[in-house]
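A short worksheet on the structure shown next.
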Amino acid sequence: MRGVGPSSVWSHLSVGPARRDSRGAGGFRPYLPGAGPGHGGTQPCRYRCGGPAVAVAGALREQDPGGEDSRKDLVVASAPAAPDAADSPEGAAQPGAGSRPPARLVVLVSGSGSNLQALLDAAADPGSGFGAEVVAVGADRGGIEGLRRAERAGVPTFVHRLRDYPSRPDWDRALTGSVAAHRPDLVVSAGFMKIVGASFMAAFAGRFINTHPALLPSFPGAHGVRDALAHGVKVTGCTVHFAEAEVDSGPIIAQRAVEVRDDDDEDTLHRRIKEVERGLLVDAVGRLARDGYRVEGRKVYIP
């Protein structure tokens with residue numbers, strides 16, 4: 001596998017030949033034959049940040065009829081990427097770290113949007129060198145603080161309530177269309193509480209980020225904080241990782257440790273983890289947006 005420069009992003013998914021995307025002469029989308037659990041592929045598929053790529057952050061939880069939390073990772077993918085220098089007419093120069101436009105983020109929320117706010121703050125700080133901007137915020141319900149945060153920042157919003165659609169696939173297609181309309185480089189699920197379906201996953205599969213309030217692979221699932229306390233560990237933390245179909249199983253991008261104190265309960269420990277997680281998410285998304293990355297097996301490399 002060749003090295004990756006600042007303008008390239010690589011996926012670990014098993015892929016066939018790249019196919020030209022009907023949405024633009026210069027863009028392409030990956031052909032993903034049978035991508036899903038256990039794909040195990042290592043053949044690279046090239047993407048770019050600063051010309052559309054994708055990420056997801058945040059666990060997806062949905063209450064099932066029996067009252068148990070079901071949990072999956074939101075899976076998203078790319079809009080067209082710009083061509084490489086080798087493919088450009090006359091060897092045209094490609095955007096570098098100083099000239100490339102910021103990566104475009106679409107963020108999905110269901111609640112307070114604290115992770116969204118961290119991304120908005122980083123994008124608004126001219127001295128941060130974040131490398132990305134939030135271009136839209138979507139939600140599965142109205143009247144939530146996450147949408148108000150976006151509106152205060154002047155960011156366009158959209159809402160797709162499941163109950164407004166005759167079927168879940170109809171809702172999923174509508175959500176897919178709204179996200180795609182904003183031509184995202186990165187799609188971030190910041191506590192989005194609905195499980196996306198086949199249309200969304202097919203449109204955006206392959207480049208996505210999730211966060212988890214534990215040091216994976218320890219304590220996966222919906223109760224990572226509770227499980228860490230129950231096991232008596234002295235250190236836990238948070239993980240930013242590429243999401244896969246299996247919950248909390250994707251290649252790890254970044255982790256930070258959080259001490260477990262003797263007087264911690266689930267709420268106090270989770271609160272401290274979330275504080276650390278916000279900074280880790282901003283750092284990870286920014287590095288991917290600015291520098292690109294590659295995934296080899298289960299290892300993520302950021303230049």
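In case you wondered, yes, glycine gets a Cβ from its N, Cα and C as well.
Bear in mind that TrEMBL entries carry predicted annotations, made automatically and left uncurated.
The region 'Disordered' annotation in TrEMBL covers 1-43 (among others).
Among the features that TrEMBL reports, region 'Disordered' is placed at 79-100 (among others).
The feature compositional bias 'Low complexity' is assigned by TrEMBL to 79-93.
Annotation source TrEMBL lists domain 'Formyl transferase N-terminal' at 104-285.
TrEMBL lists Gly113, Ser114, Asn115 with the feature N(1)-(5-phospho-beta-D-ribosyl)glycinamide binding site. Annotation note: Ser114 (N(1)-(5-phospho-beta-D-ribosyl)glycinamide binding site) sits in a helical segment as assigned by DSSP.
Around the Cβ of Lys194 ((6R)-10-formyltetrahydrofolate binding site), 24 further Cβ atoms fall within 10 Å across all displayed protein chains. Taken from TrEMBL, the feature (6R)-10-formyltetrahydrofolate binding site covers Arg168, Met193, Lys194, Ile195, Val196, Asn210.
Under the three-state DSSP scheme, His212 (active site, proton donor) falls in the strand class. Residues or ranges marked as active site, proton donor in TrEMBL: His212.
According to TrEMBL, the feature site 'Raises pKa of active site His' maps to Asp248. Secondary structure at Asp248 (site 'Raises pKa of active site His'), taken from DSSP and collapsed to helix, strand or coil, is coil.
Between the recorded positions Arg168, His212, the minimum number of other C-beta atoms within 10 Å of a residue's C-beta occurs at Arg168. Nearest by CA distance to Met193 ((6R)-10-formyltetrahydrofolate binding site), out of the recorded positions Gly113, Ser114, Asn115, His212, Asp248, is Gly113. Those residues of the chain, other than Gly113, Ser114, Asn115, with a C-beta within 8 angstroms of the mean position of the N(1)-(5-phospho-beta-D-ribosyl)glycinamide site C-beta atoms are Val109, Gly111, Ser112, Leu116, Gln117, Ala118, Gly146, Arg149, Ala190, Gly191, Arg278.
Distance between Cα atoms for Asn210 ((6R)-10-formyltetrahydrofolate binding site) and Gly113 (N(1)-(5-phospho-beta-D-ribosyl)glycinamide binding site): 15 Å, as a whole number.
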